[in-house]
Amino acid sequence: MLLSKFGSLAHICSPASMDHLPVKILPPVKVEKEPFDKVYQVGSVLGSGGFGTVYAGSRTADGLPVAVKHVVKERVTEWGTIGGVMVPLEIVLLKKVGSGFRGVIKLLDWYERPDGFLIVMERPELVKDLFDFITEKGALDEDTARGFFRQVLEAVRHCYGCGVVHRDIKDENLLVDLRTGELKLIDFGSGALLKDTVYTDFDGTRVYSPPEWIRYHRYHGRSATVWSLGVLLYDMVCGDIPFEQDEEILRGRLYFRRRISPECQQLIKWCLSLRPSDRPTLEQIFDHQWMHKSEVVKSEDCDIRLRTLDTDVSSTSSSNESL
């Protein structure tokens, strides 16, 4: 009997009978983000530059090491949007590249403040930037350089796939994990969305910039990146950058101050071709014969000492961290 009564009411609740009823759409519930000061603790300065200051920090909940970059609004020249909010383009680029790939720094969070933005990123421990790493060694042997260089190429390829060009590839923007030898590309403050047309602005490091920028203040993203990769590879195997002055960049003459294999020299010279159209593509660099030479390194000659998980961490507690 009860079931039959429910059945008799079905016409009242049917969709057709409800067409004339007003429908009230509730606005989505906005979840407020916890204040930065409650989520993170900030410590000492890791570094500073034209785009802001980077601090060491940690996440309060679990002690996760983080790097916090404070970017002043007045210094931001390139902007983008996330969820309809205007943010520095650097945050947009980090969001694009920072997931699913270990070779670039990962964005964890960001906050807007009245005077600027706080960009929260992962902070790898037991790392050293490649500049300091090379300085300590004097220069890298070709096997170590090859392994590092391939990782940089993979990071660049990943960025391209995400529609991003870094525009400031250099030794100071690469972190070396001292336990594994893994490299991580950092600092997208000079980056841009990748495009096939010319760029007429450049905020990267001048000694890594291509001759077409020095002479014409114009360049294409991919060919300019290849030039900076040539400078970086020279830096790895020779211990210093090839050019210091604008005139040297425009002349493009190379002097190899150390004994370098002909294959490595040829790849560097190719990347540092004065005409952008003469430079290799990223895939041509991957396919170059020097990139495929034997990578067997004797343990006594290895620059990176691999550590197993059960290694006594206390023996390596001091680290030179850089972001």
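Here the Cβ of each residue, glycine as well, is placed from N, Cα and C on the backbone.
Keep in mind that what you see is a predicted model, and the values were worked out from it rather than measured.
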Per Swiss-Prot, member of Lys33, Lys38, Lys69 binding ATP alongside Leu46, Gly47, Ser48, Gly49, Gly50, Phe51, Gly52, Thr53, Val54: Lys69
Secondary-structure category, per DSSP, in which Ser48 (ATP binding site) falls: strand
Val54 (ATP binding site): secondary structure state under DSSP, collapsed to three categories: strand
Proximal but sequence-remote residues of the same chain as Ser48 (ATP binding site) (Cβ under 8 Å, at least 6 apart): Val54
Distance [Cα-Cα, Å, rounded] between Leu46 (ATP binding site) and Asp168 (active site, proton acceptor): 19
